[in-house]
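What Swiss-Prot says about this protein:
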- Glu70, Asp95, Asp122, Asp145: S-adenosyl-L-methionine binding site (BINDING)
- Asp145: active site (ACT_SITE)
- Lys149, Asp181, Thr216, Lys217, Phe218, Glu219: substrate binding site (BINDING)
Amino acid sequence: MTDTAENQTQNNWQAEHPRSIRSFVLRQSHMTAAQQRAIDTLWGSFGIDYQATPADLDARFGSSRPKILEIGFGMGTATAEIARRLPETDFLAIDVHGPGVGNLLKLIEENHLENIRVMRHDAVEVVENMLQDGSLDGIHIFFPDPWHKKRHHKRRLIQAPFIAKLLPKLKTGGYIHLATDWEEYAQQMLEVLSSFDSLQNTAADYAPTPDYRPETKFEARGKRLGHGVWDLVFKRIG
């Protein structure tokens, strides 16, 4: 997909879904030649096209390893590193940002990673239509847009209705791991997850950063600006 075609696709999506609640913000962006080449040559091996019917993840990965859903991977650097650290776990990574998709595919090739599959679609629709109940061992959502202004808080991804959609997809014993560098959003995340009887916090409030999660470029920048970082890890118990 060329950069022009990408922008046209985004415009068409907005026209067809004028009032949809989405997991992302469409934005104009430039894809490098290397990112475009990665999409052109690697999508057939590591990309999964959206379908409005349940998918067999074991078949798509060619393995029965544990499955982790990652929503919003940015440029994919942290995703690739997590997959490298956890080679016996499969990662379904979803984002709509073309350059990020291309970059993650490039990282998959460079690092010889076989345990990542990439989707370029709205994660809400993927969760609603493609993921079977009890198909996930974990869910990662790292640094979602905090929508700082109060009037925009309704656009935040981490709200009770979306968590309610995610929960059936998790196996009992599976986990949700969230991270943010916006304290007020961290408080909201804690309140939302704590409101579900079927979720149990693995810490008193905020969790230590698990060993598998590397520091992201976004996170490092925030720390330089004096921001804190909050991780939350909740386990499904019923």
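The backbone N, Cα and C atoms fix where each Cβ goes, and this holds for glycine too.
The secondary structure of Asp95 (S-adenosyl-L-methionine binding site), as reduced to three states from DSSP, is coil rather than helix or strand. If you take the C-beta of Asp181 (substrate binding site) and look for same-chain residues 6 or more apart in sequence within under 8 angstroms, you find Phe143, Phe218, Glu219, Gly222, Lys223, His227, Gly228, Val229, Trp230. In sequence order, Gly74, Thr77, Ala78, Phe142, Phe143 are the residues near Thr216 (substrate binding site), counting only same-chain partners six or more apart with C-beta under 8 A.
Of all Cβ atoms in the shown protein chains, 20 besides its own fall within 10 Å of the Cβ of Glu219 (substrate binding site).
Other C-beta atoms found within 10 angstroms of the C-beta of Lys149 (substrate binding site) number 8, with every protein chain shown included.
DSSP gives Lys149 (substrate binding site) a coil state; it is part of no helix or strand. Between the binding-site residues Glu70, Asp95, Asp122, Asp145, the minimum number of other C-beta atoms within 10 Å of a residue's C-beta occurs at Asp145. For the pair formed by Asp145 (S-adenosyl-L-methionine binding site) and Lys217 (substrate binding site), distance between Cα atoms is given as 15 Å, rounded to the nearest Å.
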